[in-house]
Structures are given as structure tokens and as C-alpha cells.
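Student: For reference, the structure I am asking about is given below.
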Amino acid sequence: MNDLFGNEAPEAPEREPLAPGAVILRGWALPLETALLTALDGIVAEAPFRHMVTPGGFEMSVAMTNCGAAGWVTDRRGYRYDGKDPESGKPWPPMPAVFLTLAREAADEAGYPGFVPDACLINRYQPGARLSLHQDRNERDFDNPIVSVSLGLAATFQFGGLSRTDTVRKIPLRHGDVVVWGGPSRLFYHGVPALKDGEHLTVGRVRLNLTFRKAL
Ligand code: MD3
Ligand code: FE
């Protein structure tokens, strides 16, 4: 019941401005749920989720994999994009068409036309997993937005500003929500506190997050 007064455009997506340059498209990915989860199964069969190690030597609680020409990796040598999966030595699985289309259309809707991601980092949060406050700055060009898609269990997402010490806001990200971060918000600090336990009807006891980037 989000149209009690009948004055919304019939096909208007739920579109919440979040911060300068950032827009949340609530439920935007829901029509593609099955196609996304099927494509994800194919990727994970080729490039399984793994817990990477930070340069400081800590194993991440979030498990990750990638698809596309470039994948985000971390190890004792640092954070970077690499065309190959270090576990297999093979190129990352190609970006499925349904991923590319979703990312391009969401960016378009948010005011960033012509977004063509070459990297998709896939994060898997099991209960208790968290991602500490950070900036995404391993990409070559910050003029491109980042598109994020949440699936499965809901999480609290936190984001601040350009400085680590800026006040942090919290927003819930639920199954099917898509967020586009561009312009000034592209370099905002953000993170995910420990995932609460629960069971999602179709995805199970897990939260999955896809982040689409133009890395190269
Ligand atoms: C704001 N992932 O993979 S998605 C990441 O839910 C990451 O897994 C989180 O942060 C997750 O790097 C957050 C939302 C998000 C993604 C990228 C951003 C927010 C962002 C880049 C800049 C500012
Ligand atoms: Fe991030």
C-alpha cells in the first residue's frame, strides 16, 4: 500500500534519494530474482566463495567471488583488481547478460546513463559476518557509479561521508533493493555491521550482495 492517494505514476519505482548522487531503488531487482540466483549458481560453480585475507593478515568474515573481466581481490600484498581468480589461475567467469542489463538499467534510472561495468564483486554474508567501514577506491575512474544489489537476509547498511570520522547513517537493505552510488557519494565511507541471523524464504540463511563496478 504505497499509493494510498493514487497520485504516483503507475510504473514509478520506489526511488529514495539517499545522499548527493546516491539513489536507492527499493525492490528494483525483484522481477529478476530467479534469473539472478540461477546466474549466481553458475558463477559460484566456477569460482567458489572464499574468505580472502587482508594486507594486515586478517581473514575476512565476508566470503567473496567475482565475475567479469576484472575481479576484486585482497591478500598479504594488498587490494587490487585481477583478471584471474588466484585460487584457480583461470579468468573470472564472464558477467552474465542479466547482471549487465540490471546494472546498466539501474544506473540509467539513477541518472548515470551508459554505465558498462567490467567487474562484479559478489559478497556472501552468513550470520555474524561484517564489513568494516571503508571506501571503494581501487577502481581507476571514480566518475563511474557503483551499483549494488542486495539479496536474501536484510542488513543494516551504514554510510558516512568523505571523511572516516563523518557521522554515519544507517539504512536497511532488503532482498531486491538496488543502490546506485555516484557523484559525491562515490567515495563515501560505508560498511555493514554483523549480519543478524534469520532465514530468507528463497535465499536461505544468508545475505548476498552484488556490486557492479567499472574497474579498468
Ligand atoms: C557507497 N559492499 O563490496 S553495498 C563492497 O553490502 C561493499 O556488501 C557492501 O561495500 C555490501 O565494497 C555495501 C553498497 C555500497 C557499495 C559500494 C559503495 C555502497 C557504497 C561505494 C561507495 C559508496
Ligand atoms: Fe564498499
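Every residue, even glycine, has its Cβ placed from backbone N, Cα and C.
Fair warning: this is a prediction, and the values are worked out from it, not measured in the lab.
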Student: Given that TrEMBL annotates HIS134, ASP136 as Fe cation-binding, name the residue from HIS175, HIS190 that shares the site.
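Tutor: It is HIS190, as the record lists it for that site.
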Student: Let me make sure I understand the structure: which of the binding-site residues listed (HIS134, HIS190) has the fewest other Cβ atoms within 10 A of its Cβ?
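Tutor: It is HIS134 that, of the binding-site residues HIS134, HIS190, has the fewest other Cβ atoms within 10 Å.
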Student: Count the other Cβ atoms sitting within 10 Å of the Cβ of ASP136 (Fe cation binding site), across every protein chain shown.
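Tutor: There are 19 of them.
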Student: Filtering HIS134, ASP136, HIS190 (binding-site residues) by proximity to ligand 1: which pass a Cβ cutoff of under 6 Å to any of its atoms?
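Tutor: Going through HIS134, ASP136, HIS190 in sequence order, those close to ligand 1 turn out to be ASP136, HIS190.
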Student: For HIS134 (Fe cation binding site), what is the secondary structure by DSSP, using just helix, strand and coil?
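Tutor: In the DSSP reduction, HIS134 (Fe cation binding site) maps to strand.
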